[in-house]
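Engineer: First, the structure itself, so that you have it in front of you.
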Amino acid sequence: MEKYLIVGLGNPGSNYAKTRHNAGFMVINEICNKLNLFLDNSKFNGMFAKTIYNNCVVFFCQPTTYMNLSGEFVSKMLKFYDIPIKNLIVIYDDVDTKLGVIKLRKKGSSGGQNGIKNIINLLKTEEIKRIRVGIGKDPHAKLDQYVLSNFKIDELVIIKPAIIKGALAALEAIGEDFDKVMNKFN
C-alpha cells in the first residue's frame, strides 16, 4: 500500500491556535474532524493520526516544534515510515495569496514562508507538493505581528470555507494525480 504524509504547519500551544500562521493546523484539524480521527500518536516532536484512506496508508500530522523547525519532524517521519517525498503534501499559510483562496503547487521556492523553507532546506528539494491557504496581508502591520495575530471575526467567515476546501483538496490528492487535483482546486 502506498504511504502519504500530510503535514499542516503551525505553532504549538493554545495561544497560537487561532492565529493566521496556524492555517495549516486548521486544515489538519478539519480533516481529522471529517474522518473522525484524533492526533493521538506522538513521535519526533509531532502529533499524528494514522489511517487508511483511498487504499493508502496516510499520516495526518502537526509538528509540535515551532514553524521554522518543521523540517526536522517531516524529514524524520519520511525516513522512519519509508514515505517517498513524492507522497508528501505540506499545508501552510500564505500572505501572498488573497484571504480565503487556496493554491496548490507541485514545487517551487518557499516564498519566504519559514516552515516550508526549513522543509525544503532539510529535504534538499523544492519538489514538494503543497497547499497554500491564503491569509492575505495587512500593509499597515509588521509581517511577524500579522501572521501571529488571530483572524478577525469578519475574516473567519472568509477563511472557514478555505480551510474546508484545503481539507478536501488534501484528501482528494491521496492516491490521485496531483495535476488533476490542482486543476480542480486552483
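Any Cβ shown, glycine's included, is placed from N, Cα and C.
Pasting the feature list from Swiss-Prot:
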ACT_SITE  His21  active site, proton acceptor
BINDING   Tyr16, Tyr66, Asn68, Asn114  tRNA binding site
SITE      Asn11  site 'Discriminates between blocked and unblocked aminoacyl-tRNA'
SITE      Asp93  site 'Stabilizes the basic form of H active site to accept a proton'
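Help me picture where these features are in the structure shown.
Structural biologist: Every protein chain shown contributes to the tally, and the Cβ of His21 (active site, proton acceptor) ends up with 24 other Cβ atoms within 10 Å.
Neighbour count (other Cβ atoms within 10 Å of the Cβ, all protein chains): 17 for Tyr66 (tRNA binding site). Mapped onto three states, the DSSP output places Tyr66 (tRNA binding site) in coil.
Neighbour list (Asn11 (site 'Discriminates between blocked and unblocked aminoacyl-tRNA'), Cβ cut-off 8 Å, at least 6 residues apart, same chain): Thr19, His21, Asn22, Tyr66, Met67, Leu148. Asn11 (site 'Discriminates between blocked and unblocked aminoacyl-tRNA') falls within neither a helix nor a strand when secondary structure is assigned with DSSP, and so counts as coil.
Around Asp93 (site 'Stabilizes the basic form of H active site to accept a proton'), the C-beta neighbours below 8 angstroms that are at least 6 residues distant in the chain are Leu9, Arg20, His21, Asn22, Ala23, Gly24, Gln113, Arg132, Val133, Ile135, Val147. In the three-state DSSP scheme, Asp93 (site 'Stabilizes the basic form of H active site to accept a proton') is classed as strand.
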Engineer: What does DSSP say about Tyr16 (tRNA binding site): helix, strand or coil?
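Structural biologist: Assignment for Tyr16 (tRNA binding site) reads coil.
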Engineer: Look at the binding-site residues Asn68, Asn114 and tell me which residue has the greatest number of other C-beta atoms within 10 angstroms of its C-beta.
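Structural biologist: Most Cβ neighbours within 10 Å: Asn114.
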Engineer: Tell me the Cβ neighbour count for Tyr16 (tRNA binding site), meaning other Cβ atoms within 10 Å of its Cβ, over all protein chains shown.
Structural biologist: 17
